[in-house]
Structure formats: C-alpha cells, structure tokens
Amino acid sequence: SDAKLACGCSGAHPLLRVPPVPQPPTITLQSPKDYIFDPRENIVIICEAKGKPHPSFSWTRNGSHFDVDVDSKVLMKPGSGTLVIDISGEKAEAYEATYQCLAHNEHGTALSNDIVVRQSRSPLWSKERTEAITVQAGVSLVLHCRPPAGLPPPLIFWMDNILQKLPLSDRVFQALNGDLYFSNVVPSDTRNDYICFARFPHTQTIQQKQPISITVLESNVTAGFFGDSQSAERAPGFMAPVGASSTQMVLRGQELELECIPEGLPTPEISWRKEGGELPSNRMSIVGYQRTLRISSVVESDAGDYRCTAKNKLGSAEHSIKVTVQASPFWISAPRNLILAPNETGILNCRVSGDPKPKITWSINGMPVDSEYHVDSDTVILNHVQSGSSAVYQCNASNEFGYLLANAFVSVLAEPPRVLTPPNNVYQVITNNMALLDCASFGSPMPTITWFKGSTTAIQNVDPYVIHENGTLEIHTAQPVNSGRYTCIATNALGIKENHVKLEVKEPTRILRLPEYKVVERNMDAVFECRVKHDPSLVPTVTWLKDNKALPLGDNRFVVEKDSLTIRDVSEEDKGTYTCIMNTSLDQDSASAMLTVVEQPDPPSDLELTDQMDRSVQLTWIPGDEHNSPTQKFVIQYEDLLHQPDVWVNLTEVAGSGTTARLQLSPYVYYSFRILAQNHVGFSQPSHPSRQYRTNPAAPDVNPSDVQASGTDHNNLVISWKPLTGLQANGPALRYKILWRQKDADQEWVEETVANASRHVVTDTPTYAPYEVKVQAVNDYGSGPEPQLVLGYSGEDLPSSAPEGVQVMVHNSTLAEVHWEPISSSTVRGKLQGYKVYYKRERGVHETEAEAPEGAAPQTVTFGGDLSEGRLPGLRPYSVYDLHVSVLNGKGEGPPSPSRSFSTPEGVPEQPGFLEISNPNVDSLTLEWGPPLNHNGRLTGYTLKYQPVNSTSELGPAKLMTIAANQTSVTLVNLKSSTLYKFYFYATTIKGSGPSITKEAFTVMDTERLNALMLAPALASARPPGPVFGPLNATASEDGAMLNWEYFGQPRNIFVEYTVEHSKEEWKREAVNSSAHSFTIKGLKPGASYKVRVVARDPVTDSMVHSTEEELVSVPAVANRQVDIATQGWFIGLMCAIALLILVLLIVCFIKRNKGGKYPVKEKEEAHQDPEIQPMKEDDGTFGEYSDTEDNKPLKGSRTASNGTVRRDESDDSLVDYGEGGDGQFNEDGSFIGQYSGKKEKDTHEGNESSEAPSPVNAMNSFI
C-alpha cells in the first residue's frame, strides 16, 4: 500500500511505495447511506475499491442479486463498481431501493454500506380554507404554517404578497417548525398578506400557503406602549412548549435545539440555564432573540434539565426541558487490516459504542462466520493461518438509530524483508531539534528493524534514541556528535535487508546583532542592523517586513544589504515595526524593532487673550501636532509695536503640558504675542500673532542702573548711567533728573534734567574730590522711585613729588631689596596705584666704565598699593646696577627719585661656551672648549668628570680632573679601547661650579677586537636552522639541581643562570664548557623553588644571544637531624679563624686612620655663605645610571677605581672642598681630616662605604 511518512527534518522522502504483493479488496469510495436523488438527473451510486489483483464488482438490491447487465438503463463504469442509472423517460420510483456493492478478487470480498436510494419530493400544499383573524390588541397569536412533508424537509419563511420578508423581533418570532408566533399583537400587525413559503432544496421549488388576514382591534381605554391597552398587560406565559415541562431526545454528535416562545405584555425577555451544571460555552449559542438555545456536537454530558425563564415587569414564568442523549453506533476502534505470515495468529477487534448498546455481527467475504472461527462478540481470533486463507472480514454494529459496517482484510503472505526508504538519503537537522531517520520496510512476517551508527555501533532504544514501531529512528535532541552515517537493517525469517542514510546536524541560525528601536528625524536615514550567525554549509536569505507585510515594491528608499536595512529620507509613513527574518533551508530566526519618525512640532493655534488687567493678561492656545516627540516647552514671545516694531522678544516659558499662561506686562506697551513649541527635535514655526493688547501709561517703576561718577580730567566729574528701555519707560516723554553735591562740603544738591542721554559732565570741580550722585527716571505720568546714592570722585592729576630715602640692600648675587619713604597723600593728587622701580645693569664689577657695553633698556618692577619696599630678583652676579623709584596714580606716573647705584657679588659661572672631542685613538681622546659667555665672577678653572658606558647603558666608575682657567684643551690618556665615554664639563668660580655641558665619544677599536666584531655577524649567519637549544631537563636533589640540555649553535660563552622564584634578585650565573651538555648547581636552599635556564652569550659584548625556556625546580626540604653544632670540631676551628682575622683587621684599620692629612677649610666655609649657590651633586663621588635625560640618576652596577682613589696627576684637590655634605671630619683648628679619596658609588655591586670613622664592623664589611 502507499505510505506517506512525515519527518521534522530535511531529507525525508514524501512518498513510499510498497512493491506489488497480493492484497484482498478494500472499499475506497462509496455513496452516502441515505442517497436522495433529483428525478431530473441520473442516479449515480458510487462504489470504488482497490486490491491486488484489481477487484471485480457486483450489486445487491433489497438483499437480492442485482443483475446490472439485464437492465439497459443501468451502466457500471469500467474498472469501477459505480452505477449510473438513466431515469429519463422512466418512472424514478422504480429505482427506489436499498443497494449494496460487493468488490471481489481471488483473496476475498469487500462490502459497501447499505445505500438507501430515494427520490426527492416537493408536494403541493393541501388545499385548505383560511379565515380572517380578528383579535384584540395585546393578546398572543399563532399563525400555523403546516407545510407538506417533502424529501428532504423544506425550508420555511414568511413573506408578504410583494415577496418581502416579514420583520421578526422578540415580539414576532418564527418557530423551528415554521409557525409564526406573536407574544402580543399591536394594531400595526393588521394586514391581509401573511404568507408562509416552503423551499425544497433538491428540486429548487418554492410552494406557498394561502394568505392569512389579521385585524387587530384597539381597546377603548387609552393606548399604552406600542399601542397596547394598559388594561391588557399581563405576566409572562409560554406558547411553546406548552405546560411547565417537556422532554427532548437528541443523538450524540448531532445539534441540540431547545426553543421557548413566551407570551405576555410587555414582551417578556428570555434567559437560559442548566440545572446542576454550566452551559458549554465553546459549543453553545443563543439565537433568535434569545428564544433558541443551540448546542453543537452533542456529547453524553449535555444530558440534563434545561430551564428557560420568561420575565417582564409583571412577573416571570419558567419551563423545564429534560434532555436525554442517545447514540447511534460509533467507533471506538475499527478493525484494521492484517498481513500475517503462515502459522501466525491474528486478532480482529471491532469495538463500538452506542445507546442502546449496538449488536455486533461478523461475516467473511459477505457470508456469516462459520463455527470454526473463534468469535467473541467484538473480537475474532485467527489461529495458525495458512497460505490461501486470505479473506475480507466484515463487522456490522447496529442499534435502533443506525449501523456501522467495516471491512478488514487478512492477507496471509510469506515475503522477505524490503526497505522502502530510498538508499543514501541525507537528513539535515538543526542542533537541539528532533531528527527522524526513516526505515520504512515491508515483509511478512513483519521485519525487525535494527539501527547502527557507523559500521559497528548498535543503537539501543534508550536516550537519546527512540526506535518507533514503523522503524523510524528518532533523536529527540540532535547534537553535532550525532552526525554521521547510519545503517538500518530489516530482518525476518525469510531474509535480511539493509539501507544506509546520513545525518548532518547543523548549527542553528541566530541573529547576533538585533535591530534596535530607532527614533529618527524626518528626512534623515534610519539603519536597522541584523547580523546573523549560521552554519557555514547553509546559505541564509534575509527578508524584511514592515508591520508583518512585505516592504513596498519599487521604493528605492529601502536598501536591503547583507546585515542591515537602510531607510533613506524617512517620512511619517515609514513608522512601524520592522522585522528581520533570516531563513535557511532548515530553520529561521527573526527579530523586530520599532521605528518612530519625529520632527519639529506644529505651531500652536487659536491664541486668545482673556482676563485682561493693567499689568497682566491670560493667554491660552491649542498645541499643534507633536509628531511623536513630546513637547518639552512653549516659548512665549512679544512684539512692542510702539517702541520696537518687528522685533520679537522672549517673555516667558511654559511646560510642554500647559495650554495657558498668565503674562506679566509693562505699562505703555502695544503688545502682540506669539508662541513657539519645542520638542526633542527643535522649535516649531512661530504661531500666528495674537491680537494687539495695549497697556495704560504709568510713572516709571525703576531708575537707570549702573550709575557711575568719575572724572576724565583734573577739573571735571562725568556722571553716566544705563538708560531705560522703551519697555521700562512706562509712559511718554522719558527723561532723567540728575542730582550731585560734593561730599562733606555742606553743599546743596545741584539738579539738572536731561532727555535721550546716558551721561552728564560737571565742570570746574576740584581735583580728586568725592561727590554724591543720584539719577532718577521721570515721564509725563510721574517720577520713578527714590534713587540710590552713588559715591564718585572728580578727575585725577599726575603726582607732584617723588619718593625719598631710597636704599638698596643686596641679599646675594641675584637678589636685592629696595626701600623708600612713602609720599604724602596730598602730593599723590589721585588714587595711589603703587610705586614703579626702574633698574638697569651698567657694567660688570671687573669692567671700567669705558669697557661697559652699550646700555640696554632699563627693567621695571611695579609694587601695587601703599608699600615702602620690594625685591628685585633675577639680577646678574658680579654687576653694577643703577635704579630710581616713581609714584603711580590713575592719571599716570610722577617724577623719578634720585638714582642709586649698587653691586652684586660673584656667583657660579654659566655653562662653557662649547665642548668638542677630537683625535680619537685606541686609548686617548682630545677635548677642546670655550669659556662661558658670562663668567659671573673671576673664573678659577674647570672641572672634568668622565666615565665609561658599557653595552647595557650602565655607567662605569667616574674620574675627575681640575683644569686651569687659561686652558682651552686637554688630552686624556690610558683610556680603554673601543669604549664609549661620557664627559661632564663645568666652569668654576670661588662660588662653585656652574651647569655642565655633556658629550659622548668612542675610543678607536684595536685590530683583534675589530676582527672579532666583524666575525660575529658571519658566525651568526652560519647558525643552523631551527632551535639552537634542545629541551632543558632539570632534576632537583637535596642541595642542588642537575641540568641537561643540547646546544647546536656556534661557539659562545655558555652560562647556567638561576634565581629564586618570585624574588627581585638578579639572575646568578655559572660558566660551563661550551661542549658540555649537563651541569649540577650546588648550594641551593632546601625547600625553595628556583627558575633555571641555560644561556649563550656573545664573547665580545656579553649580550644574550640564545636561551632555553625557563624551568622551575623545587629543592626538597631536608629533615632536621637534631645535631648539636657547638660540639662539632669544624665549627670550633672556624670560630677561632674568624677571631684571629678580626684582630688583624682592627690593626690595619687603626694604621690607615692615622694616615690622613690636614687641609684648610676657610674657602669651604666662605662657599657656604650664599644660599643661592647649588652644590655639585657629584661631590660625594656618586653618579647616576646612564640616561639621555637624567645624568645623575643612581646607577646600578657602577664601580670605583681599584684602589678607591683619584690619581694625583689627574686632580689637585678633593671634591669634598666644594661640596655641601658633611663627608669629612674637622679638628678643633678647622682642618679637614679624612681619606684623600672619592666615596664609592651607591648601589654598586661592592656595596656602600660610610664616611664615618672606621670600626671593626665596617672593616669586616669592606674586607668581605
């Protein structure tokens, strides 16, 4: 048979076909059990069946064989059992009967249902005489239809004689049987054309009843509602059903219709309920003006008591309908076809239900079941079937309401297994989804299905696998690990068959960058991102939707790219929800975001002025469209048509939610108002101006501001102010009343009034006299408030005298202090601003007036306020200066004081003019220099410091030289060849050394070294490819570590280096033979961890060329052996040796201490008098690490000369004489006692020396 298998993944085949095998007949199509035909058309009774071989057909009529070939009017379609009966010219009643179709082949016979064939009928209305009806208004009435019984029953409706449907309502209602009910009649119901029509659907004919005439008589009393007589009002009752209760039966699965038609005046209302339960809301409807309760697809639980209640203002009535539910037979489990192998046992089940309980009968190939079959009511058991016993079994279940007939064939076959799923199917599924691998099979006996993954792994029916009865392998949550080749094997007693399929589990499609909510201004661009991650083997396609619809076609503003959607020049119509859908052949992902288009708001409208007062008015308006961006505020502007026409000024602001504002106004202004709305995008256009509003004049509210009084000449006073604006004038003819008088002079106020002015000049005033001033605003309606008093001064004149008693005190070579006596206030003739000091360098102290250079412009320093002294910084040392002082006021500078001269003492010199290095040799260099531009004193000589620089930029030990002042060059000898030296060169006076000039230079390489350096690149280029060092293996012992390695490079200096883990100590090194491949490090601390490596270094520069990886070695801790060390002989001997050594050192130190010389320190003491002189930072012999920016940074690894002294032929004096530190000691007579040597550099490998007196401890440290 055909089988269609569904799979939730790609790769499933839609249709599987079983190879041809013998099969008993099966009815596939037949006419309904109740077949009503139209006598104007042919009768077609359908019967279609299938089987192998294809079945033949025969018919029975009313239980007897119907010979189709005998009747020429009856035709059976070829290859089919369908009958076509031509009834034209014949009496159709002759073919009304019960027909049954039989389908035969060699394996059995299948039966159709009993098909009852009847002719449709539309009989005429029986003749009856209708009489006119006359009724009193307000009574109930029924018009009976009583249509003829048709087949099928007709549809009923009421119309008038012009074929218009009569209007129905809750008062006038058509019942289910077609009768027309009036709950109460009214005079408007009077008419003579109430006609009942019956439409017969099969024949499409309509029959009508004789018209019925109704006359409604009005009552003699006053008519009431709807024309009803008030005296005719009555409580509800029921016209149908009659009585207090009724019963109704309905079949399961059919539609239940309950009807209650009330009568009464006023017209009652109807409500429904079910006793002891609720109405099934999902299957229930109340129609026909609440008169009909309809329940579809009735089930057994719908049985019970239903109550309808009729109610009006006069009372209520109830009717109970008892509903019983019965059932024609219905299937619980219909018998299923069986395919059995010989000697197998099969069971046919025919399980039905109904009310009353159906009766079940069995037949085989249309004949009653023999006693040889085991039949147990609804079950037939077939034991040990044999070949050739195929048949079709019929199960018939019936009760008084109907019957069910089912065919089920039993086919006895012996077939080897066949796999119906096409071979090598490829199934594709997304990770975490269900995968279904098909293995549809056929065979008899039914094949057993076994699955394998790969070629050997059998799959069990356990998580994550499920093997279904039809052979399908389910992986309910597929993972990438489940990908691969699968094999299904179908097996039965007659053979084995296998099939191979492939499963590919793909990565899911996921949108990583989701589109985000956008708020975009109109006419701008909106960009939605939609970046996806997908399986590389799948090609995604992107689809964009707007509000779940496709984007507009042909709109070039929508630009869809791989990862984005761009909407250009957005408009209001573009707002909405945009959805990105990423599809692959297996899955999809989607994400949505909203676009809101915003723009400036529309301007407000309908500006209205209300509640008008002298100084205020109420302004109201209607806001404009906000365009999706809430209004933040309204800005109210005004135009003063009287004073400033066409100029709009901001008056106030109102919150965006407001629509009214109270405006504070000024007098004598012709106002016009307009409003601007602002949202997040910007301001709207201005609204249309309001009508003009004029305020009445008044006296000024304020006086001019910023009133000032000051003189521009020594005999005047200028009074100025900031004029009032037109808005502040408050009335016509604005002018200003000016009042002034000299303070403390017992004078009357002088007054003057001016207009259109902002200043007034008072002449003939005394010089710099205080005045009191007031300015008041005045217009035609009065004066402003009392003005404030302002204090000012008349004009100033130049000071008339100079300071006296000018004195100069020199502090040091660059700083002097000048003193003077303040002048009297009467000669200042204005406001004292301060004193101005002029000073000028005339010449050097050592120069004569004739030798002095051309004079430069004098320098000036101004000291503000009433001071009598000031300092002059930045003076040139060893110079002669001239100065004078003058007084300053607001007008200018007074006459100068008499000149005073003073001299500055000597200072340190400037940097030497230049330093050049020439004539480099293997062990010598020549230095040439120029004197400082400014000596700043008498030049006493030069100091040279130099030191070597190694390959790691570290400075070596420094050497010092003192050079005579008249020298301009020096040659240094005994230098190291091919070495970089750094030079520091200073000029000195009796005050000390000035700033240094630095240079660097190399000595010339010797031949052997040059050849070695030239050979180094060649050796480096000749190194073999690949790693130079092999793996480093390190093994720890109790007090050391054994290292093993391989070295494949050029000859180098090989070192084993090690350091404690997590420490800041430098790596320690031990040299090893370049041909060695192992080394033992001894003396390591037990319990500690060390980092170790093997390094190849350049023999010339000592730089690292190659290195192994660093290895970590943990030295094991040594157990405490509890040995008393004090009793060990080696320890006693060691202590004795140390004691003897300390005694010898004490003697040596005592001798060395008594070898110090005595030197005068008078010059040193004088050098300390000037605090401006900076000490040499190298006076203690320490020098910084070699650096391009900091020459004096402490240096790691620098060293002194081997004997710790400076050679006599290189320095004639100790640097301690010029230093600020207390490195030496002094006797009572002031002589210096100490070693004639420089201190060792700090932070060197040898440690630090102290300048204190020797001690045994220091001596011991020095020795060590």
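Note: Cβ is positioned from N, Cα and C throughout, glycine not excepted.
Automated prediction, rather than curation, is the source of TrEMBL annotations.
The feature domain 'Ig-like' is assigned by TrEMBL to 25-112 (among others).
The domain 'Ig-like' annotation in TrEMBL covers 123-213 (among others). For the domain 'Ig-like' (123-213), the model's average pLDDT works out to 91.
The domain 'Ig-like' annotation in TrEMBL covers 236-324 (among others).
Feature annotation from TrEMBL assigns domain 'Ig-like' to 329-411 (among others).
Feature annotation from TrEMBL assigns domain 'Ig-like' to 417-504 (among others).
Applying DSSP to the domain 'Ig-like' (508-596) sorts its residues as follows: 3 helix, 47 strand, 39 coil. Among the features that TrEMBL reports, domain 'Ig-like' is placed at 508-596 (among others).
Per TrEMBL, the feature domain 'Fibronectin type-III' maps to 603-698 (among others).
Residues or ranges marked as domain 'Fibronectin type-III' in TrEMBL: 703-797 (among others).
The domain 'Fibronectin type-III' annotation in TrEMBL covers 802-907 (among others).
Annotation comment: TrEMBL describes 890-912 (among others) as region 'Disordered'. A Cβ distance under 8 Å defines the sequence-distant neighbours of the region 'Disordered' (890-912), meaning residues of its chain 6+ beyond its ends; these are 714, 795-804, 806-808, 810, 812-814, 816, 818, 820, 823, 827, 829-831, 833, 836, 838, 842, 845, 875-884, 929-939, 942, 985-997, 1170, 1172-1174.
Per TrEMBL, domain 'Fibronectin type-III' is recorded for 911-1007 (among others).
Annotation comment: TrEMBL describes 1024-1118 (among others) as domain 'Fibronectin type-III'.
The transmembrane segment annotation in TrEMBL covers 1130-1151.
Among the features that TrEMBL reports, compositional bias 'Basic and acidic residues' is placed at 1160-1180 (among others).
Among the features that TrEMBL reports, region 'Disordered' is placed at 1160-1264 (among others).
The compositional bias 'Basic and acidic residues' annotation in TrEMBL covers 1238-1248 (among others).
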Helix, strand, coil: count each for the residues of the domain 'Fibronectin type-III' (703-797), based on DSSP. 4 helix, 47 strand, 44 coil
Tally Cβ pairs under 8 Å between the domain 'Ig-like' (417-504) and each listed stretch (329-411, 603-698, 703-797), then give the stretch with the top tally. 329-411
Is it possible to list how many residues within the domain 'Fibronectin type-III' (1024-1118) are helical, extended or coil according to DSSP? 0 helix, 46 strand, 49 coil
